[in-house]
C-alpha cells in the first residue's frame, strides 16, 4: 500500500464564478479556490465520544470506589523473640541478631542464666546502629540565639 492511497482525495475545484470586471461586463474567469468541505454525518464522532464517555465513566467509577490510602507513618516492626529453657536456644530471633550473638563473647551458660539481658543488649545494639554517628567536633552545629 503506497502513501498516496492513505491520503484522502483533493477537494474539488470551483469552476464557476459570478465575477464582473471593472468595465461592468461579466467575464467567465475561473476561480481556483477549493469548495468548502461537506459536513460529516457525525457517526465517527459519536462513536469516539461514546467510547470516551464509557472509558471515562469506568475510570471515574473505579477511582471513586477505590479509597485513597496513604503509606504507614511511624512504622515499627516488633520482633518476638523467645527463649527455650530446655534447649537453651532463642526462638524467633532475626538472623542478624543470631550472627551478632554468635560473634559475641557471651557464653551459652550466661545466655541461659539471663536471657532477658541478652535480648536487651541485642535490642540496644540494633537501635544504636540505626542512629547517626555523633558529631566529631566538640561543639554542636546548632546555633544558640538569645532574645533580649
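Residue positions begin at 1 at the first shown residue.
Quick reminder: no glycine exception, Cβ is built from N, Cα and C everywhere.
Quick look at what TrEMBL annotates:
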REGION    1-71  region 'Disordered'
COMPBIAS  34-44  compositional bias 'Basic and acidic residues'
COMPBIAS  45-56  compositional bias 'Basic residues'
COMPBIAS  57-71  compositional bias 'Polar residues'
DOMAIN    69-82  domain 'CRIB'
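Counting only same-chain residues 6+ beyond the ends of the domain 'CRIB' (69-82), those with a CB under 8 A from a CB of the stretch are 90-94, 97, 119.
As a summary of secondary structure, the domain 'CRIB' (69-82) carries 0 helix, 1 strand, 13 coil according to DSSP.
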